[in-house]
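Just below is one structure, and these are the notes that go with it.
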Amino acid sequence: MKLLSVLALSATATSVLGASIPVDTRAQKFLIELAPGETRWVTEEEKWELKQKGQDFFDITDEEVGFTAAVAQPAIAYPTSIRHADAVNAMIATLSKENMQRDLTKLSSFHNRYYKSDYGKQSATWLQQQVQAVINSSGASRYGAKVVSVRHNFVQHSIVATIPGRSPEIVVVGAHQDSINQRSPMTGRAPGADDNGSGSVTILEALRGVLQDQTIVQGKAANTIEFHWYAGEEAGLLGSQAIFANYKQTGKKVKGMLNQDMTGYIKGMVDRGLKVSFGIITDNVSTSLTSFIRMVITKYCSIPTIDTRCGYACSDHASANRNGYPSAMVAESPINLLDPHLHTDSDLISYLDFDHMIEHAKLVVGFVTELAK
């Protein structure tokens, strides 16, 4: 997630030595894209310097030769009315703050979740085990639901859970699982409770809720559903780029992608005297999908929205957008009021509001069900 004006408020990060994969990237160069057509070769250290200045980017070093970013997306007709209120409300009733607190306590206990560290690998393995357990306990695995690791050229893997539907067209919800201490990426303590442990456990709890519905569990929903947990977001949207580039190359159809990056911090709004709200990202997203999401929020959530801008390549929805798939993002607040502790050793669970995270989980359940069922 990006820093922007949050930078000025960020706490000082402390470097703590820990086990890691000994990778020397000081001399290695990476090709990044900072805006459409604006590319630059940088070292890993220069990547983090850009991030500290609030500059986001795609790392396109491993992009296929001849890749062309999408300039337009296919026209998709989204529902204009709510059709599955009874089913969604039944799912929402099962959402549990206690589950989210338990999962986030564990996820943020890893020394860090840096994409090149042993800890990043261990945390991804633990997270995938939780996803598999949810699928198994729901009985969905008997109808073809599965979770797979998506391997990259770094140690942390991405995770994709698939619940088949009657159509191969996919409804995607995603969140990045990695964390970073920008002062000491490889070895520094980076609990990443909000960025983005909060989004990761939000969609995990939403998956539990969605799999309470037997129509979905038994593969009878109109569309296929996928939940994604991306590796390497902080280093340039690496995991999500790889996944959506593969989907483009193999001709997969994505009806819509909703990104959840930071879902738990409300103090910035409270301190300003603002009503606690969702931050609806309005730039580099699908306007029609975002309009559909506004309808879902109005129906199923108890808080309003504030429009906000995130910038180019600010989070994983941008990877879907770049590959021609309609995407949207809803954040915990307006971007200028995000958690000031992100990317430090102070991004702790104690700063988060689980009632707010439940609102995000309600949104995810409503989004998936109304679009897929």
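Placed from the backbone N, Cα and C atoms, the Cβ positions cover glycine too.
Listed in Swiss-Prot:
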- 1-18: signal peptide (SIGNAL)
- Asn136: N-linked glycosylation site (CARBOHYD)
- His176, Asp195, Asp261: Zn(2+) 1 binding site (BINDING)
- Asp195, Glu234, His343: Zn(2+) 2 binding site (BINDING)
- Asn196: N-linked glycosylation site (CARBOHYD)
- Asn284: N-linked glycosylation site (CARBOHYD)
- Cys310-Cys314: disulfide bond (DISULFID)
Spatial neighbour of His176 (Zn(2+) 1 binding site) that is closest, considering only the recorded positions Asn196, Glu234, Cys310, Cys314, His343 and their CA atoms: Asn196
Lowest local Cβ density (other Cβ within 10 Å) among glycosylation sites: Asn136, Asn196, Asn284: Asn136
DSSP-derived class (H/G/I helix, E/B strand, else coil) of His176 (Zn(2+) 1 binding site): strand
Other CB atoms within 10 A, centred on Glu234 (Zn(2+) 2 binding site): 27
Inter-residue Cα distance where the pair is His343 (Zn(2+) 2 binding site) and Asn284 (N-linked glycosylation site), in Å: 23
Residue from Asp195, Asp261, His343 whose C-alpha is spatially nearest that of Cys314 (disulfide bond), among the binding-site residues: Asp261
Closest of Asp195, Glu234, Asp261, His343 to Cys310 (disulfide bond), Cα positions, binding-site residues only: Asp261
Pairwise CA distance, Glu234 (Zn(2+) 2 binding site) versus Asp195 (Zn(2+) 1 binding site), rounded so that it is a whole Å: 10
Listed recorded positions among Asn136, Asp195, Asp261 whose Cα sits within 10 Å of His343 (Zn(2+) 2 binding site): Asp195
Surrounding CB atoms that lie within 10 Å of the CB of Cys314 (disulfide bond), all protein chains: 25
Asp261 (Zn(2+) 1 binding site), number of other Cβ atoms within 10 Å: 29
Count of other CB atoms lying within 10 Å of the CB belonging to His176 (Zn(2+) 1 binding site): 32
Reduced DSSP assignment, Asn284 (N-linked glycosylation site): coil
